[in-house]
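**Student:** Take this structure first; my questions come after.
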């Protein structure tokens with residue numbers, strides 16, 4: 001049934017059967033891509049036999065349950081759902097043909113295609129004759145009614161492949177009454193029984209709003225979310241991890257490990273590596289646990305300790321100086337992309353700059369600087385010239401300073417350089433400092449999913465199919481017990497409202513799924529904190545090497561997940 | 001005998017037995033590192049049984065044989081040596097204990113540790129009781145007599161591992177009479193029968209000068225070279241490839257493939273990827289053959305066609321405009337690190353700038369620009385402002401413009417942006433251009449060697465041992481027939497003088513092994529050239545995925561090597 005894949009040493013293996021369908025997917029595969037397409041995915045035992053769905057107790061909210069109850073009158077308090085084996089044929093789900101839609105929302109994460117494959121296979125296995133529609137280009141595809149029917153031939157070449165290119169994604173949101181109306185129209189036009197929203201915290205909040213909206217308008221369309229983000233900041237007790245985190249971290253860790261071996265071999269460079277992850281530092285922490293760098297900055301710790309940029313620089317420079325005493329004039333330093341967002345004084349400076357730049361003339365003599373508060377002026381003068389210029393010149397369309405564009409790793413190199421030079425003058429440092437900067441970002445978002453992400457996503461999708469089939473709405477597909485063998489994984493759904501709190505915006509309460517930040521009392525951070533002093537001075541580097549799909553380490557789960565699950569147990 | 005490696009899921013596997021010896025190697029391994037340490041390496045059949053060494057015909061030089069003959073009176077004309085199976089016990093090499101030194105020279109390349117392992121194992125297998133010394137920190141270790149005795153326990157943890165950290169490398173050269181004297185002293189002090197120099201073109205030239213020097217001074221120390229460089233520019237008919245090229249290209253290609261999937265999924269970025277390789281563009285060409293990018297710039301072609309920077313920009317912008325007509329506002333563009341070194345007009349501009357900056361005052365009003373030739377002025381004004389500033393401000397210690405520091409990929413993004421904006425005004429382009437820059441460099445130099453590099457290096461080292469044992473000097477270890485199974489690989493040595501030509505420097509002839517540039521008439525470039533127009537407009541991306549050590553693709557050789565060997569056959 002499936003098109004065959006001719007392998008000829010990595011070169012041009014034509015895939016006529018599928019290119020005509022998708023129109024844009026690669027007509028050629030590498031050996032590894034081919035082998036992954038044909039890789040069979042294991043399912044948790046519960047999904048391999050007849051199962052029934054058992055509801056748990058009523059749920060509440062992560063915060064402000066009263067407000068959440070008002071915002072979700074139909075959905076608030078829903079129980080979690082668990083799939084359990086069942087021999088009772090009366091408990092079996094109805095023999096029904098379903099019409100289901102699926103949408104990818106937000107940034108890419110390895111494994112998205114497998115969620116879709118999981119939904120599709122569920123429908124094939126358990127609700128024969130069902131139809132699966134893929135909305136194109138994210139939520140905009142729902143609103144504009146842009147979709148494609150996903151068939152076996154269509155989906156096949158994307159199995160276990162990275163990227164979101166099967167139906168692509170987008171960052172639009174369904175927010176206004178008009179947009180909800182459009183979504184309703186599309187659902188009705190396609191006669192949808194269900195919709196799976198694959199996305200991060202915002203997209204899952206949106207999925208819940210959509211579920212509530214459909215329910216309150218008596219639409220039959222049910223909505224199930226799936227936890228996606230390489231940043232790893234969408235998780236809870238029931239949703240142990242977001243997909244993509246595992247693969248992205250392992251790709252970054254491969255590169256970091258290589259750079260470490262290079263640093264040790266060359267003996268003359270400090271590599272400053274900035275890692276993707278703006279809001280939370282999970283990626284940086286996980287990569288540190290995988291590779292043992294000399295210095296790791298965790299944004300949440302910087303914020304909790306109210307550190308200044310000078311504090312961070314001093315910490316880096318202290319380690320570098322101490323290492324120089326041991327004749328180690330090299331090292332590896334990990335920095336989260338969002339570092340400066342965690343530093344309160346930088347936020348103040350930027351707010352003041354935005355104000356000044358909007359209302360005042362910036363004179364060349366620097367008189368404008370007098371409008372800065374003392375603290376902000378001190379910080380501004382502490383910044384390297386290139387960063388000062390960047391702050392003054394690069395603006396977004398609203399005229400605001402573009403914090404995201406600041407290359408934090410280069411900034412820290414310059415600041416370390418200046419400080420070390422000062423210490424050298426004072427006779428407190430006798431080393432030789434050369435910084436090299438790296439940003440590992442896009443390389444990690446679209447890699448081939450690891451065995452873990454491939455299997456996890458498939459189970460998430462398969463489970464989402466089951467939840468929709470059983471009439472559930474407003475849940476997020478959740479697969480747990482992940483440190484056990486796949487057979488023993490637990491499959492179910494968690495009330496999205498139970499993950500929510502409210503934020504006050506423009507005088508109104510808005511529901512939000514709070515981003516899961518790095519917990520300073522959590523097991524992963526504590527493990528890191530207990531080892532970092534040793535890593536700082538000794539060279540305990542680990543080089544994880546390239547992701548393997550078979551053999552040693554190929555089924556390992558992330559340190560973060562493992563440590564969190566161990567701590568829970 | 002070998003220390004055991006406890007694996008515990010990627011975490012802290014202590015290696016007490018070896019850390020005490022090396023003092024600096026990681027005390028911990030990842031699962032993949034552990035499994036690679038224990039990976040058994042296959043040997044070509046000829047190295048598994050009794051062999052004898054057969055000399056070929058007299059050799060000449062790559063150019064100016066008369067001058068090479070004068071420079072190497074003892075070594076010029078040496079035949080190549082081939083190892084052939086032998087049942088004649090009289091032909092066996094002498095039962096002798098050897099003292100051999102080994103040195104790593106220049107930049108790192110995956111596989112260096114396996115060359116050393118190969119030499120060591122040769123001595124263990126065929127010259128029991130021999131001693132292997134590792135010179136520390138490159139050729140300086142020879143001159144300063146800094147070395148370590150390499151034992152089984154010492155070498156073991158580095159088998160199949162990346163980096164050069166076993167004995168580290170260095171960039172010093174043995175050039176002056178004093179330095180040759182120091183090398184002689186070390187050789188005599190250690191009573192060395194032989195020395196293996198693992199390095200690139202310069203280091204192998206140096207190895208040959210050392211061999212000549214030792215021979216002419218009647219030292220018994222023989223010298224054998226080994227071809228190392230990720231850049232792939234040390235090769236000849238007998239030396240089909242330099243080690244490290246295979247691994248580095250596969251690491252870069254993994255990242256490029258990921259970025260391609262990202263580009264196609266997101267649909268809104270042009271990724272400009274600069275790849276290591278200053279002198280020759282082999283890495284860029286190989287990565288293009290592995291991944292099928294939309295645009296690939298090959299420095300040798302730019303030079304041969306005498307293209308200007310404007311030509312290169314126009315080519316890029318033409319493809320981008322044409323893709324925009326098909327609604328493809330994304331793509332991937334590969335650029336060799338050394339691109340601007342290949343553009344004559346840039347060289348002229350830089351020479352003029354160096355002259356002006358050394359002798360004139362650079363006034364703010366730009367009057368100094370009048371000293372530029374018309375052509376250079378035009379080019380200077382064509383450059384983005386940031387690059388102009390970089391050219392004027394960043395100097396090396398001699399006051400010269402630092403071409404190496406120019407981030408070519410960012411420069412090209414800015415130039416494309418400007419040109420596309422112009423075309424938009426003229427109604428000739430209606431797309432939306434956003435560039436993202438990447439530099440893939442250090443990540444690739446120290447990765448775990450691929451199966452190919454691991455096996456190839458082991459054979460190079462084992463063969464080098466055999467050559468020294470048989471009394472050879474001034475040869476480079478060469479292993480050929482590389483597209484056949486390992487058993488059928490051909491092992492021998494090639495006269496280093498046969499790879500040489502001379503260059504006139506400071507009024508004297510200097511011997512040089514010419515860098516092997518990308519041949520525009522060679523099979524790899526022709527293959528690329530025949531496909532690039534299709535790659536430009538269609539999206540035929542291939543994502544090679546992470547290097548696998550077992551399973552599909554794990555034994556593949558590079559496209560460059562395969563195509564070259566096919567063309568020869």
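From the backbone N, Cα and C atoms, a Cβ is placed for every residue, glycine too.
I grabbed these lines from TrEMBL:
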DOMAIN    B:99-412  domain 'Phosphofructokinase'
BINDING   B:107  diphosphate binding site
BINDING   B:201  Mg(2+) binding site
SITE      B:202  site 'Important for catalytic activity and substrate specificity'
SITE      B:228  site 'Important for catalytic activity'
BINDING   B:229, B:230, B:231, B:268, B:269, B:276, B:277, B:278, B:337, B:442, B:443, B:444, B:445  substrate binding site
ACT_SITE  B:231  active site, proton acceptor
**Student:** Out of the recorded positions B:107, B:201, B:202, B:228, give me the one sitting nearest to residue B:337 (substrate binding site) by CA distance.
**Tutor:** B:107
**Student:** At 10 angstroms around each C-beta, which of the recorded positions B:228, B:445 has the fewest other C-beta atoms nearby?
**Tutor:** B:445
**Student:** I want to verify one value. Collapsing DSSP to three states, which class is residue B:443 (substrate binding site)?
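**Tutor:** Helix, per DSSP.
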**Student:** Which one of these binding-site residues has the most other Cβ atoms within 10 Å of its own Cβ: B:107, B:277?
**Tutor:** B:277
**Student:** In terms of Cβ proximity below 8 Å, which recorded positions out of B:202, B:228, B:443, B:445 neighbour chain A?
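**Tutor:** Cβ contacts with chain A under 8 Å: B:443, B:445.
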**Student:** Taking the Cβ of residue B:443 (substrate binding site) as the centre, how many other Cβ atoms fall within a 10 Å radius?
**Tutor:** 25
**Student:** To the nearest Å, how far is the Cα of residue B:229 (substrate binding site) from the Cα of residue B:201 (Mg(2+) binding site)?
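**Tutor:** Given the Cα positions, residue B:229 (substrate binding site) is 9 Å from residue B:201 (Mg(2+) binding site).
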**Student:** Restricting to the domain 'Phosphofructokinase' (B:99-412), what is the model's mean pLDDT?
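**Tutor:** Reported value for the domain 'Phosphofructokinase' (B:99-412) is a mean pLDDT of 94.
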**Student:** Max CA to CA distance in Å over the substrate-binding set B:229, B:230, B:231, B:268, B:269, B:276, B:277, B:278, B:337, B:442, B:443, B:444, B:445?
**Tutor:** 36
**Student:** So if I draw a 10 Å sphere around the Cβ of residue B:201 (Mg(2+) binding site), how many other Cβ atoms end up inside it?
**Tutor:** 25
**Student:** To the nearest whole angstrom, state the Cα distance for the pair the residue listed as 'Mg(2+) binding site' and residue B:269 (substrate binding site).
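**Tutor:** Pair distance, Cα basis, whole Å: 38 Å.
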**Student:** Measuring Cα to Cα, how far is residue B:228 (site 'Important for catalytic activity') from residue B:445 (substrate binding site) in Å?
**Tutor:** 11
**Student:** Near the Cβ of residue B:202 (site 'Important for catalytic activity and substrate specificity'), how many other Cβ atoms are there if near means within 10 Å?
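**Tutor:** Summing over all protein chains shown, residue B:202 (site 'Important for catalytic activity and substrate specificity') has 17 other Cβ atoms within 10 Å.
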**Student:** Hey, what's the Cβ neighbour count for residue B:231 (substrate binding site) at 10 Å?
**Tutor:** 27
**Student:** According to DSSP, does residue B:228 (site 'Important for catalytic activity') fall in a helix, a strand, or coil?
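**Tutor:** Residue B:228 (site 'Important for catalytic activity') sits in a strand per DSSP.
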